[in-house]
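For E91, the entry in Swiss-Prot reads active site, proton acceptor, with the evidence type sequence analysis. Annotation comment: Swiss-Prot describes 94-320 as domain 'Radical SAM core'. The disulfide bond annotation in Swiss-Prot covers C101-C325 and rests on similarity to another entry. Residues annotated as [4Fe-4S] cluster binding site in Swiss-Prot, with similarity to another entry given as evidence: C108, C112, C115. Taken from Swiss-Prot, the feature S-adenosyl-L-methionine binding site applies to G153, E154, S183, S206, L207, H208, N282. The feature active site, S-methylcysteine intermediate is assigned by Swiss-Prot to C325.
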Amino acid sequence: MQLADLTQRLAALGAKPQHIGRITRAWLQGKPLDTGTKHQKTENFLPLSVRQELPAIAAELDALVRLRSEHPGADGSARLLVELADKQMVESVLLPRDGLCISSQVGCAVGCVFCMTGKSGLLRQLSSAEMVAQVALGRRFRPVKKVVFMGMGEPAHNLDNVLEAIDLLGTEGGIGHKNLVFSTVGDPRVFERLPQQRVRPALALSLHTTDAELRQRLLPKAPRIDPEQLMELGEAYARSIDYPIQYQWTLLKGINDSQQEMDNILRLFKGKFAVLNLIPYNSLDADNYQRPDGERIVQMVRYLHSRGVLTKVRNSAGQDIDGGCGQLRARAVDLVNTSRLRLSRH
């Protein structure tokens, strides 16, 4: 289901824009679709034809996503394993301070070497309704005032659906435009489309290195955009929305934590409307990467910050509960496959 399908269905039942808006807002808040207001009951507002169909519509919306399991973290986050109607699984993460990280694809085609999600490749796109449904689900647990498209998938590879979801969340969803964050490895279509939108979200760009050849190895299927060019594109968007770009940098010991990288960061970030997020690597099973030790990370932050680069350390939420993107899903899929194998042997 796409969000447009819901609107068209309600309109066909005789719902006016104000009716559709109220029903949509109730869904986005994780409330029953027939929720009224303090001053007006549903039966005095919605047409009878719409009210009669609401139970069936609610059942379809509830079927979009289902909580498979919840995994609270020591940092106040909670990782949600979410099952879709076709039994595929994605991850959402409730973040401290009323944030929610959602997925835009099942799997991912970019194939970042340090990311579990990319190891499965792209399995399918999420519809705009499936993305918004993750927000509705999250709001059943706690308030959600910020939504970041940083879960499984590359939003630029599902651009129409992601932009449709962002538009609804930034209007009927009641989320401030700067509290909607579009995260991408960098794609020319993103820089063309985002400035044209009614809701223009904040932007996070996966940089990870200042070395173009190294970036190609780390992000093998990302568009071939030189880091310097990527930052120029980001800068233009930052100035247009008057909000800084977040540049993501997954810290890999001995790979992108050198003094040369830091000096290049100083050069590229000079005068930029930007924030650098250093993300210590979250180890996967049987991989070849490690995070730098804590002392080295502190040195990097102090060096960059003291020279004018606003630098923050962002640990993956819920590191104690398979915190790296895609790890929870990978373990669940492995358990399902193992169970099927055992059954086939009996």
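Placement of Cβ uses the backbone N, Cα and C atoms for every residue, glycine included.
Taking the features listed in Swiss-Prot, we show where each one sits on the structure.
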residue: C108; record: [4Fe-4S] cluster binding site; contacts (Cβ under 8 Å, 6+ apart): C115, T117, G118, S120, G121, L122, M152, G153, E154, H157
residue: C112; record: [4Fe-4S] cluster binding site; contacts (Cβ under 8 Å, 6+ apart): G118, V185, S206, L218, L219, P220, A222
residue: S183; record: S-adenosyl-L-methionine binding site; contacts (Cβ under 8 Å, 6+ apart): V148, F149, M150, P155, L203, A204, L205, S206, Q248
residue: L207; record: S-adenosyl-L-methionine binding site; contacts (Cβ under 8 Å, 6+ apart): R215, P227, L230, M231, Y247, Q248, W249
residue: H208; record: S-adenosyl-L-methionine binding site; contacts (Cβ under 8 Å, 6+ apart): R215, L218, L219, Q248, W249, T250, N256
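Among the listed recorded positions, namely C101, C115, the Cβ with the most fellow Cβ atoms inside 10 Å is that of C101. On the backbone, the CA of C101 (disulfide bond) and the CA of the residue listed as 'active site, proton acceptor' stand 8 Å apart. Of the residues the record lists as binding S-adenosyl-L-methionine, namely G153, E154, S183, S206, L207, H208, N282, the two whose Cα atoms sit farthest apart are 19 Å from each other. You'll find the Cα of the residue listed as 'active site, proton acceptor' roughly 16 Å from the Cα of N282 (S-adenosyl-L-methionine binding site).
The DSSP secondary structure for H208 (S-adenosyl-L-methionine binding site) is coil.
Mapped onto three states, the DSSP output places C101 (disulfide bond) in strand. Minimal Cβ crowding within 10 Å, among the binding-site residues S206, N282, is found at N282. Averaged over the domain 'Radical SAM core' (94-320), the predicted model reaches a pLDDT of 94.
S183 (S-adenosyl-L-methionine binding site) carries a strand DSSP state (E or B).
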